[in-house]
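Novice: Below are the features listed in TrEMBL for this protein:
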COILED    1-59  coiled coil
DOMAIN    74-168  domain 'CS'
């Protein structure tokens, strides 16, 4: 009979295989969350195993490494933006973001929105969702860059050489009411 750790490792491999196949953001986020849970569970089981072994050998237990768990999600509301003829650029400052694995920084684009998710940065996740962009963007031409302590989201304008006075439709309506 396979040990609990071996079973968890098989589960982890299957979740990773599903993650590679998924195209839907909500499903990908659920699988990523499940992957983190399984990895934490494997680490905890391995620690318990090594502690039991150390107790049986009457040795001092090895240093216990705290499992990496992501706490809560912080909503990002502080950002800056700029534009060129081809792109609208959104600048988000997150201390230490350049040190997390690149797969932990995810951006999902649609024609009129984007959402950013930075996972496991200093024990927290960070999220920014911008809906109702002022004008449509090219999903394929849009991308992200991770620089020192900064994430830059590059939204490719569908209509080049056009000026955006506001980032979102809501922002435009609010300013016009004033």
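Glycine is no exception: its Cβ is also placed from the backbone N, Cα and C atoms.
All TrEMBL annotations are machine predictions without curation.
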Novice: On the 0 to 100 pLDDT scale, where does the domain 'CS' (74-168) sit on average?
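Specialist: In the predicted model, the domain 'CS' (74-168) has a mean pLDDT of 93.
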Novice: Can you count helix, strand and coil residues in the domain 'CS' (74-168) using DSSP?
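Specialist: Tallied per class, the domain 'CS' (74-168) gives 6 helix, 56 strand, 33 coil.
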